[in-house]
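Written out below as structure tokens is the structure these notes cover.
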Amino acid sequence: MFKKEWILTQEDRVFARKLAIFTAFLIVLFFIYSVADVLIVLFFALFLNVLFAPFLNMLNRARIRDGFWIIIIYLLIILFLVVVFFAIIPIFTKQIIFLFTQIWDNVNNLKTAYETWWLEWLWIPTYLRWVLETVDFWSLFSSIKDNAKDISVYVSGNLKNFLSSWAGVIFSFTSAIFHFLLVLIFAFFIALERKNVRNFFYKALPENASKYILSREATIVSTLSGWFRWQVILGISMFFATLLWLLIIRVFWIKIDEFFSLALISWMMEFIPYIWPIIAFLPALALSTAFWIKWVITIVILYLVLQQTENNLLVPYIMSKTLSLSPFAVLLGMSIAASLLWIIWIIVAIPVISVMQIFLDDYFKSKKKQ
């Protein structure tokens, strides 16, 4: 018996090579999916380091240690978030209390309205009143009251689903806080070792990519830090503008006690361009609708003035100092970031698009030269 020898042909070798590459690609994808949370935390930690690197480098030249100022920056960030959190809570609590008060008052007045002038109150036409007067609505209300036990059983049966959904919300909130703390911890140690991290990053890249990014490093860092600096300036400007206008309208006896909270919301929403006026306007509208129509009209006019002031004066002046992005590119990037990733990615959409624009401009310039 002769043994049959297996000889790989050229086609078999090509197929085996492609199969190995495809298998390795799947393994890499699975690995990235498994450690996606860690990679996201690492991305935001690196992003924070790029934003604050120029400031820390300036302090290094003055022979001031990084650790002290990093802790100061973290304390300021945490203080700002705590102030915002406790400033926004009164808006929601006030509206919830007002809502339940209105519901309770309407329920208490239901019997009185039925026994006295409920037909006139509902603006029932005269030719229909004689039909409705023959219906014993009080018996209907009593029937609903008698079946309240069955209703409570139904509610109790669905309480488990309600609590499970709230458990998911609490878990998501806890997870977000945990990831936020991880970002701060990672960013702290990366900032302390940023020179070593930078050198490792360039060594890990291919030689051509490393040389290119090294040549564009100053432009990228300048773009990102400039975006953050002017974004903070724009937010502070809108904070004081909103605060000033809300204090001015108090002269007309439209007293909104939460003016400081609304101004803080306007500041925070500045990091979400083009959409911020709608988001910042909603809490103010919710507060005003609880009172007179005069409040609603005044608040609408106020936020229109603020939005036009920002779009026509502040944004053209401030953003011309840093970025030159079209609104379409910004909205498209924000929509993709919100759809595929977390909602927090909307905030970093603009700086990411700005960096991509640098790469694309260089690519098109090199194509033209060729």
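Using the three backbone atoms N, Cα and C, a Cβ is placed for every residue, glycine included.
Feature list (source: TrEMBL):
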- 15-33: transmembrane segment (TRANSMEM)
- 39-56: transmembrane segment (TRANSMEM)
- 68-92: transmembrane segment (TRANSMEM)
- 166-192: transmembrane segment (TRANSMEM)
- 232-254: transmembrane segment (TRANSMEM)
- 274-306: transmembrane segment (TRANSMEM)
- 313-334: transmembrane segment (TRANSMEM)
- 340-360: transmembrane segment (TRANSMEM)
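Of the ranges 15-33, 68-92, 232-254, the one with the most Cβ pairs under 8 Å to the transmembrane segment (39-56) is 68-92.
Same-chain residues lying 6+ beyond the ends of the transmembrane segment (68-92) with a Cβ under 8 Å from its Cβ atoms: 52, 55-56, 59, 184, 188, 191-192, 257-258, 260-262, 264-265, 268, 283, 286-287.
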